[in-house]
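J.: Let me give you the structure first, and then I'll get to my questions.
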Amino acid sequence: MTAQIIDGKAFAATVREKVAGHVTRLKEESGITPGLAVVLVGEDPASQVYVRSKGKQTVEVGMNSYEHKLEADTSEEDLLALIDKLNNDPAVHGILVQLPLPGHLNEDLVINSIDPAKDVDGFHISNVGLLGTGQKSMVPCTPLGCLMMLRDHHGSLSGMNAVVIGRSNIVGKPMAQLLLGDSCTVTIAHSRTKDLPEVVRGADIVVAAVGRPEMVPGDWIREGATVIDVGINRIERDGKNKLVGDVDFESASKVAGAITPVPGGVGPMTIACLLANTLTACCRANGLAEPDGLTA
Ligand code: NAD
């Protein structure tokens, strides 16, 4: 079998188009422009690239982008004061604090100081609880992107066996909650899981979110399974720098029914879902109908 490639780049473009269309209508009908504030503390090079890309795409879909760049030695008090200001700014519908923060800042405290209704990353403890109890919440962007691709590919996920490898708060755990919400039978595997290959062989859906280059080989994959590869790993091969996922694409794509590539799979969906979440937050804040197909 040769797997169908799930093209995250193309899918993300359709999500952005949908968001842009809705933003245009929102502006025409209600005079409201959704706004996303991104806060970057320090000068981590990878974070700077992500923040630039987020700002650019926010403007491209017609939303307002507000970037706040703070010095690496910014005090917790000053950062919390900025978040308080953004929480109370009606032009700001989404707030994202780029992680990781410098070591002297308490990430949990900072994230939990964001108004949950504006927490477009879905990391606030209230949103985690709402998602866990199946209530309307802001959903973390990367798992939301994975869910959208799975729904698009399968239609209903009901009754499918899903194995999520990785139990992080950002990807693994919310991914498992979303799959459970769509009536999958979910297993969360992690670094202490016994006989991981056998666990993965039982899956109709495999979501790999580990951060270990190509650790999942094709002979762990059940024939015809759908594989979502969240991993982004930079490696050197044949003297060149390369991005690879957590799944060995070459062997897995010979067995799987469908698979996301790295790059061009889950990655592009993450920012597209951030824009979708900002639009959703804006609609909720103004008591307007939420766009279809852009939330969990
Ligand atoms: P993390 O380090 O927080 O969590 C990794 C998880 O993998 C842990 O729960 C750990 O138990 C598990 N793990 C480690 N070794 C294992 C092993 N040998 N067997 C089974 N499980 C093992 O990482 P994260 O933030 O969840 O990110 C995971 C990967 O996804 C990284 O490569 C990251 O770069 C990528 N990522 C991509 C996006 C995107 O937009 N595509 C977004 C977030 C993270």
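Quick reminder: no glycine exception, Cβ is built from N, Cα and C everywhere.
Marked as domain 'Tetrahydrofolate dehydrogenase/cyclohydrolase catalytic' by TrEMBL: 6-121. Taken from TrEMBL, the feature domain 'Tetrahydrofolate dehydrogenase/cyclohydrolase NAD(P)-binding' covers 140-284. Summarising the annotation, TrEMBL assigns NADP(+) binding site to G166, R167, S168, I232.
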J.: Please identify which of G166, R167, S168, I232 has the densest Cβ environment, defined as other Cβ atoms within 10 Å, among these binding-site residues.
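T.: The residue with the densest Cβ neighbourhood is G166.
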J.: Mean pLDDT across the domain 'Tetrahydrofolate dehydrogenase/cyclohydrolase NAD(P)-binding' (140-284), rounded to an integer, is what?
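T.: That region's mean pLDDT is 98.
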